[in-house]
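This report refers to the structure that appears directly beneath it.
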């Protein structure tokens, strides 16, 4: 297991999201308008842009740490498949969110965080190998409380994105286990 290869994908993802956050901070234009807008052709592009855009600096800072940790774990546990997994999770989470979310713009990486979380847990269930089980155990140990946040519905937080991410992660792990 070569660390540089494992880290390359997650590092690229984190740096890209961080650069977009910097542009959002410095830009006079509100880039959230490029986020996902449910059931709207105008907001369809947001299926791809949603995880890269954030509502504000606090939103970005709250997402970037868990995203980095879970992305590294996905990369380490699924050697050579990080990019295909990440793209699949972004697209499926985005499509489900586009179909299910309440009106308004949806931005943030939390859907992808839930997708990685669900993927790591379900991969252990379907693969039943030691490596997957260890990654799932670490995921639960560090971010087990993430699941509890699905029970709280608050203004300004997209339950649909979180739920869509979780379902996408669970589905992709099952699909890849075949």
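Each Cβ is built from the backbone N, Cα and C atoms, and glycine gets one as well.
Looking up the ranges 38-56, 57-75 in TrEMBL, the one annotated as transmembrane segment turns out to be 57-75.
If one looks beyond the transmembrane segment (82-101) by at least 6 residues along the same chain, the residues whose Cβ comes under 8 Å of a Cβ in the stretch are 9-10, 13, 36, 38-39, 43-44, 46-48, 50-51, 71, 74-75, 111-112, 114-116, 119, 158, 160-161, 163-165, 167-169, 171-172, 176.
Secondary structure of the domain 'Peptidase S54 rhomboid' (46-176), assigned with DSSP and counted as helix (H, G, I), strand (E, B) and coil, comes to 105 helix, 1 strand, 25 coil.
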